[in-house]
Amino acid sequence: MMKWDNLIFRLFVFWYCCGLILVGFDLLPPILEWANAFFLILCGILGGFYFIRTFGLNKGLGITTFIFLLSMVAEGLGVHYGWIFGQYDYSDDFGYKLVDVPIGIGFAWVMVIAVTHVLAMELVSKIKPSKMKWIAYSFLGAMIAVLIDLIIDPVAYLVKGYWGWEGDSFYYSVPLQNFSGWFWVSLFFHLLLYPVYINNKVKRKKAFLLWKNRMAALFGMVMGMFIFLALLDGLWLAFFLTGIPAYLLLFAYRASTKQRELATTEEVLL
């Protein structure tokens, strides 16, 4: 029998393919506006599955819940007081809200931290465990999170109208405070996540590796969708600013994992 996490991953892939066409070519009917929130929730659930497969059920759920709740608080401070990310308001396209923040946003943050954790940890894997690796991993993870927002925000704000900003900047009128907020919030999560990960012993390595690669794929799929939307609407700066780094990140991730696989094979043969 197919496990629930594999079933939901396949559901996500199906939903993603449908959404790419419906949202990309503006074919989404009003009756399906709830699909936006469902997409974000699915992304967060996949991130939660990764944490569970990595840390076990209890610790994985705890990490997922912590990220969800704290990110909702951070977003709420932005919506109500303009703190951290700046002053903004969400539209009603993301479904049910808590303190004026759609719960789908909290799920999205779980996804963001999961995928940036996987990419950053793989890219610093050759550094021996130390404070330097801790800092390198945390800063790299935060920078990748900012890269994600550099494509999500212009598309979601200008093209789809999912939220509105009170402020301005040279980058598609998205306040620069938003990107610094993404950096610091992501940095905070990664600084806390590193020691938990380093001291963790994976019990089911096969499932862990599967979900690790799925997080890299999830990063590529989410970035690919928004880069595609940016291309369709002529957001060229966002397209080039994020498209090339995203490709290089996935290329570096694949090269690193492939090298690790070859090294493991050589050890077995020897």
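Each residue, glycine too, has its Cβ placed from N, Cα and C.
Some features that TrEMBL has for this protein:
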type     : residues : note
TRANSMEM : 7-28     : transmembrane segment
TRANSMEM : 34-52    : transmembrane segment
TRANSMEM : 61-83    : transmembrane segment
TRANSMEM : 103-124  : transmembrane segment
TRANSMEM : 136-159  : transmembrane segment
TRANSMEM : 179-197  : transmembrane segment
TRANSMEM : 209-229  : transmembrane segment
TRANSMEM : 235-253  : transmembrane segment
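Of the two recorded stretches, the transmembrane segment (7-28) does not lie close to the transmembrane segment (103-124), with fewer than three CB pairs under 8 Å once pairs fewer than 6 apart in sequence are set aside.
Under the criterion of 3 or more C-beta pairs below 8 Å, with sequence separation of 6 or more, the transmembrane segment (136-159) and the transmembrane segment (235-253) qualify as touching. Through the fold, the transmembrane segment (235-253) approaches residues 118-119, 122-123, 144, 147, 150-151, 154-155, 158-159, 171-172, 216, 219-220, 223-224, 226-227 of its own chain, all at least 6 residues removed from its boundaries and within a Cβ separation under 8 Å. Count of Cβ pairs under 8 Å against the transmembrane segment (179-197): among 34-52, 61-83, 103-124, 209-229, the largest is for 103-124.
Sequence-distant neighbours of the transmembrane segment (61-83) (same chain, 6+ residues past either end, Cβ-Cβ under 8 Å): 44, 47-48, 51-52, 55, 89-90, 98-101, 103, 105-107, 109-110, 113, 166, 181, 185, 189, 193, 196.
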